[in-house]
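Single-structure report; data block below.
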């Protein structure tokens, strides 16, 4: 009897720990994930253009570096269990054939999306391609409503309209943004390729959100991401093999690239591989922790930083149309964030009035706050031992 009481007491204590600690870690995880998305998105866009600016010409090489960094995810998958001992879950536990199938299919789909992005980047200024990619938002919202039954609110609808209007304004003024020496045909190939990449990515976000509903921890997201990136790398590798891309890499490094072979391999290739992997891994994390539409909005908000980066680093033109487009981009994202803030405050007040709540204490009010952004909730985190 006493042993039973001791075991029950230990079990209750463990359950209490599961309720509190993971919730705090999940808030930090959300902030860390967005930080990685910020760094990865801005750096990868600038480095992708860097490759073409200094003599690189292979779209397949540019496609390949976007996914070839998948082995880096092994650190996130295996280190927490075998090195840091922060989780009892063994890697790939409960990773079913269904997860494998969807990961492979989505990965091939992502590889083609990367190829379209490379075509667009090779022809367009960074600032133009970044703003064009924001067109994916309206389709992300529509597809999220269809695929994951996303609720349309004034906040997300207003954000999507403003960001889409930003891209329309850019398209109207695009004829004056064509780089010197680039034919009109190639410019519009880049224009349409970038639009296509944005539309495919709009489908990618709600589809992955739907798949992640069968995933019970953050580690499984990284495991699926590993398989996706491996499949995308296979797609790019096959394309490079048929197009002579591997021989072209050696030729570019030694004879074509204006900064020399050392900079070619370390910056144009290696740095590209690392930053792209950081960007895609963080994107998956954001979709899992929040939702597809929130992940898309967060990424689109970073496009304003890519526009500024293109102007500062490469001297892209920044006339009246781009200024207005950037302002609309920032305005749309700010309105969405404010909508989330108001929603969280209302739900926090409702919880206090009805039944109280538990979660992360804040120094601001001395009370406790429930983290609720998409699927990040205390109950969700506490439901699984290995959320983190």
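Keep in mind that glycine also has a Cβ here, set from the backbone N, Cα and C atoms.
Per TrEMBL, transmembrane segment is recorded for 27-48 (among others).
Under the heading transmembrane segment, TrEMBL lists 60-79 (among others). For the transmembrane segment (60-79), the residues of the chain that approach it from at least six positions outside its boundaries are 44, 48, 51-52, 91-92, 107, 110-111, 114-115, 117-118, 121-122, 219, 222-223, 225-226, 229-230, 232-233, 236-237, 239-240, 243, 245, 248-249, 252, 269, 272-274, 276-277, 280-281, judged by C-beta separation under 8 angstroms.
Sequence-distant contacts of the transmembrane segment (100-119), counting only residues of its own chain at least 6 positions beyond either end whose CB sits under 8 Å from a CB of the stretch, comprise 48, 59-60, 62-63, 66-67, 189-190, 193-194, 196-197, 200-201, 203-204, 207-208, 211, 224, 227-236, 239, 280. Per TrEMBL, transmembrane segment is recorded for 100-119 (among others).
Feature annotation from TrEMBL assigns transmembrane segment to 131-148 (among others). Long-range contacts of the transmembrane segment (131-148) within the same chain, counting only residues at least 6 positions beyond its ends with a Cβ under 8 Å from a Cβ of the stretch, are 120, 124, 156-157, 159-161, 163-164, 166-167, 170-171, 191, 194-195, 197-199, 201-203, 205-207, 209-210, 291-293, 296-297, 300, 303, 307, 322, 325-326, 329.
The transmembrane segment annotation in TrEMBL covers 155-175 (among others).
Residues or ranges marked as transmembrane segment in TrEMBL: 187-205 (among others). Residues 106, 109-110, 112-114, 116-117, 119-124, 129, 132-137, 139-140, 143-144, 171, 174, 178-179, 287, 292-293, 295-296 of the same chain lie 6+ residues outside the transmembrane segment (187-205) yet bring a C-beta within less than 8 angstroms of a C-beta in it.
The transmembrane segment annotation in TrEMBL covers 217-242 (among others). Listed as Cβ neighbours of the transmembrane segment (217-242) (distance under 8 Å, sequence separation of 6 or more from its ends, same chain) are residues 29, 58, 60-61, 63-64, 66-70, 73-74, 76-77, 80, 87, 89, 91-92, 94-95, 99-100, 102-108, 110-112, 114-115, 211, 277, 280-281, 284-285, 288-289, 384, 386-388.
Here the transmembrane segment (262-281) has long-range neighbours at 36-37, 39-41, 43-44, 47-48, 50-51, 54, 56, 61-62, 65-70, 72-73, 76, 110, 222, 225, 229, 249, 252-253, meaning same-chain residues at least 6 beyond its ends whose C-beta is under 8 angstroms from one of its own. The transmembrane segment annotation in TrEMBL covers 262-281 (among others).
Residues or ranges marked as transmembrane segment in TrEMBL: 293-315 (among others).
Summarising the annotation, TrEMBL assigns transmembrane segment to 321-342 (among others).
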